[in-house]
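Visitor: Can you read through this structure? Questions will come right after.
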């Protein structure tokens, strides 16, 4: 039986026509002399009816059918009477009266129902991922993923970009997270690494004169996982010669504008908002701020410079800062127990505690109210735009501790008290990142993005004297508090790249050992170039309104980097280890 139509495509215009369908049985209802089947394929669901008036043989076959049996049916499209119309189905105005039914395959009892909403535990869904992916909302998410990838490819192709593949087996270099290593059978004791990104190769393609490159590429990072991270992920990788930062930002905005219009019918406002790294941290406590709601961090170091409260005073004397957060109407929203729990909430961010005050008609109340005189209270309330019923929170410590603690608290309040417009898409460029930051544990500077990021021209002289003050010609694209990706202008002169490696603690010998091939390439007329890499999985997650990346990756890993479906990673045979000249040793405690 050859399929003539898809289930979700049938409507009243086909009434009276014979159709042949194939799909899975979503639901079966046996009324004795009539059996109703909800037949599902990728396009949707249609009701098919098996009755003795149309076909005794089809009714007998339908009697053997159960949920998720795969069947082929042939029948006539019939318009339902008005009382029988199902408004919940796109095909609810019609049904198919079956003349012939063939069971193509059977199904065991299901571990969970194939429905849009499921209460199945995630580990069960991942173990039976092939069933989970049958659910309509999962099918829709992957249809959107395809649409996004096609939109990106079409846009970049029209703009003159070439899609060029780069190696999956490459050299391990010290440029970021831990590598996934692949042992070489031919070269005993040596290893390939799976790429964390095609960064070096795409720069070499610019040296090669391709000028405009892109790739939708798989990347691998052996790092701790969270809701928006996976060990293998896909990024939209773009590199171009002779374009400056403004050109790259404009190109990316145009691509996202096309993408949102095609997937959601939205017209984006361009140019996107911009904010420097310093401004983002000061206002939102984050380098990827969610700008769908206000509640900005308030600078209080000057207002409270004469404070006698030891915690505040000590922070200022140690070169730290004081910032505040106003929760409007919070006095009635949070109990003392709730407030105490917030002190525990901020501790993982380095905060030693969380000072707070309630505002009422008489002024301020709380454990630290006694440390404020009348003038200080007035100045504080004015600075924090506070009124009766508000709850005020304070962070006093090193800059980064205050930023991270209050930034996280701000997001927590935004979600808990429904301050965020969940239907909005707020794009934001964050620019002027520090080129490097000092790693206290490693006792050296590390690149904030990667070692190939170009310093701002006006800051070049600071690289040797005050490297922590050097800004990068780098930019991140943020959507609703998630970093979609980032990019930069790249270093393309050997001398400057060697200076960058030296700043990061590489000796001349180590730099040559790890990156000699790139340094040599820079001796052959390398053009100015820059680019951007955007996380495809994260884009799909946000546009499909999913809560984590596992919902938009067909076969994802768990939080422990395991695949519950295939049971990877797994042990390999002794013979395989011998081929690779490897042996397993226990890690020393």
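Cβ coordinates are placed from backbone N, Cα and C, and glycine is handled just like the others.
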Visitor: Swiss-Prot lists region 'Aspartate' for one of the ranges 195-198, 199-202, 203-206; which is that range?
Guide: 199-202
Visitor: Which candidate from 215, 230, 489 does Swiss-Prot annotate alongside 221, 222, 223, 483, 535, 536, 537, 538 at the ATP binding site?
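Guide: Candidate in the recorded ATP site: 230.
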Visitor: Express the distance between the Cα positions of residue 483 (ATP binding site) and residue 490 (L-aspartate binding site) as a whole number of Å.
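Guide: Checking the Cα atoms of residue 483 (ATP binding site) and residue 490 (L-aspartate binding site) gives a distance of 20 Å.
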Visitor: For the region 'Aspartate' (199-202), would you mind checking the mean pLDDT of the predicted model?
Guide: 97
Visitor: Please report the distance from the Cα of residue 221 (L-aspartate binding site) to the Cα of residue 538 (ATP binding site), rounded to the nearest angstrom.
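Guide: With the alpha carbons as reference points, the distance is 15 Å.
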Visitor: Among residues 221, 222, 223, 230, 483, 535, 536, 537, 538 annotated as binding ATP, what is the maximum Cα-Cα distance? Answer in Å.
Guide: 19
Visitor: So how many other Cβ atoms are close to residue 223 (ATP binding site), meaning within 10 Å of its Cβ?
Guide: 14
Visitor: Can you name the residues of this chain that are 6 or more positions from residue 536 (ATP binding site) yet have a C-beta less than 8 Å from its C-beta?
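Guide: For residue 536 (ATP binding site), the qualifying residues are 145, 148, 149, 216, 233, 234, 235, 236.
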